[in-house]
């Protein structure tokens, strides 16, 4: 604001300084309102992804478990809302704090402040419940309902917020927003969360699915894979498009504001970077979808819409880390490799008899890890300077930036896998030991909708007519 007043004052008449201060203050207020509105709109887009997750999950499971999986998606949002409000936001962004965990803003105390408004909480809550939604897909069709309640609370209230503090808070030990040289003089560029969101959710789902084991019938007595296909490709496609739409809040919205100039008086500013981020996101997803289409055609001889949808989402998960700091052509490389990462992870899962009904651990974990490495290879110096103006400039290895950023990103993958394994792996283990994790074989064969939720999701006949015919018989 001081710079604005100094530039404007010479152009005004009497009382120039006071007039310049007044005008610049009004523009500052307007800028804040525009940025806050942009962030709220982005939060609404990210929240719409919950509907995408619900439809994707519902279509990917068998009809007898549809009610169960949709209820878990609803409760991920509801439980996450309360626990992120009480604890999660404070653990993630409660500055000033140490590099490991936040210590302020429990239950939104002292919000709004100069650092955060309510829109920041809403946006970050939408991210937290996305991580929980990823995990619910991995353990679908054989998990007790109480386990969903416990793990969702723990993940959104503690495990995920700690990771987001490390890499996104201004005082996180590996954050790119730190102004001092800490992690290889670099910090981690995980702009919208290939690691913070996708790798966290994927590793959590990996441990849940490993500990409770595959669904009955997923592998035959000789160990061969048996496809247990989801009941509705229509719901899968609807869910995929909803997630695609929401990703335009997930990635571009992570700027948190849109009205910043990069060069004073020029047409070029943060709004252009927001648009570029949407473009890189789109190109990565489209490339991954087409690569999966032709790759699976070569491998299986089929054009499979479900595989293409998963490939598309894998491309999105991968580009999420570097979407703001890479060129559009690099996003095409990101999507191409992400598709093969997903295909390879799925092949490996079959060989080790790992069962994930939605391929969530492979998609979000495998492609999320690739996205972290990709960013360390292709981050552009120009864009890093613009998006992270306060950090020591480290950019991609293949762009001439050296290997320090890559080293930092390898550390990120290792610490996320370690942290989530220790916390969520331990939680799932104890749930299993106490008999709270997996449903009985009889319930699994009958389907959880019938045994746990009072009836099937689909009504195939009129109930009154059925009773009438039974009476006549």
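Placement of Cβ uses the backbone N, Cα and C atoms for every residue, glycine included.
These come from TrEMBL:
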- 38-458: domain 'Ammonium transporter AmtB-like' (DOMAIN)
- 38-61: transmembrane segment (TRANSMEM)
- 82-101: transmembrane segment (TRANSMEM)
- 121-141: transmembrane segment (TRANSMEM)
- 148-168: transmembrane segment (TRANSMEM)
- 188-211: transmembrane segment (TRANSMEM)
- 232-250: transmembrane segment (TRANSMEM)
- 329-349: transmembrane segment (TRANSMEM)
- 361-379: transmembrane segment (TRANSMEM)
- 406-431: transmembrane segment (TRANSMEM)
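Listed as Cβ neighbours of the transmembrane segment (361-379) (distance under 8 Å, sequence separation of 6 or more from its ends, same chain) are residues 134, 138, 189-191, 194-195, 197-199, 201-203, 205-206, 209, 310, 313-315, 317-322, 325-327, 330, 333-334, 337-338, 341-342, 344-346, 349, 354, 395-399, 401, 405-406, 408-410, 412-413.
Counting Cβ pairs closer than 8 Å to the transmembrane segment (188-211), the top stretch among 82-101, 121-141, 148-168, 232-250, 329-349 is 121-141.
Note on the transmembrane segment (406-431): residues 135, 147, 150-151, 154-155, 158-159, 162-163, 166-167, 174, 183-184, 186-190, 195-196, 199-200, 203-204, 207-208, 211-212, 369, 372-373, 375-377, 394, 397, 437 of its chain, located 6 or more positions outside it, place their CB under 8 angstroms from a CB of the stretch. Recorded stretches compared: 82-101, 121-141, 148-168, 232-250; the one with the most Cβ pairs under 8 Å to the transmembrane segment (38-61) is 232-250.
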